[in-house]
Amino acid sequence: METQRASLCLGRWSLWLLLLALVVPSASAQALSYREAVLRAVDRLNEQSSEANLYRLLELDQPPKADEDPGTPKPVSFTVKETVCPRPTRQPPELCDFKENGRVKQCVGTVTLDQIKDPLDITCNEVQGVRGGRLCYCRRRFCICVG
């Protein structure tokens with residue numbers, strides 16, 4: 001009888017531990033890839049934007065050297081382009097087509113790969129266009145042309 005009771009108690013503890021393991025995500029499951037962190041930054045840009053249409057990732061610059069700590073801010077540089085989807089639709093930007101002659105923005109800043117910590121520090125500036133076959137990024141009256 002005592003063995004049966006101990007076995008039943010052990011079974012309950014095993015069940016509780018199993019449920020706890022399923023509920024508490026592991027640290028590795030909480031880490032985002034570099035691209036996922038950038039897509040999260042694009043989502044944040046769309047949430048905070050007052051513009052009519054959503055933006056979608058157009059180009060992602062090379063990720064920085066590997067860093068084991070997902071909570072450490074990583075430098076990031078990417079380009080987004082305006083889509084045909086109105087912002088209020090809340091449609092995932094990846095499902096939206098790019099708008100012909102839509103606005104293009106160059107974004108720089110830092111992201112973390114940790115899903116729990118969510119510090120993003122991103123600044124986006126509109127790309128003013130192409131000058132003599134070169135892509136130019138302008139901020140106020142100062143432009144940098146590449147290419």
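Backbone N, Cα and C define each Cβ position, glycine as well.
From a predicted model like this one, the values you see are computed outputs, not experimental measurements.
Recorded disulfide link (Swiss-Prot): CYS107 to CYS124, out of the candidates CYS85, CYS124. Between CYS85 and the candidates CYS96, CYS136, Swiss-Prot records the disulphide bond with CYS96. Neighbours of CYS96 (disulfide bond), defined as other CB atoms within 10 A of its CB across all chains, total 18.
On a Cα basis, CYS96 (disulfide bond) lies 20 Å away from CYS107 (disulfide bond).
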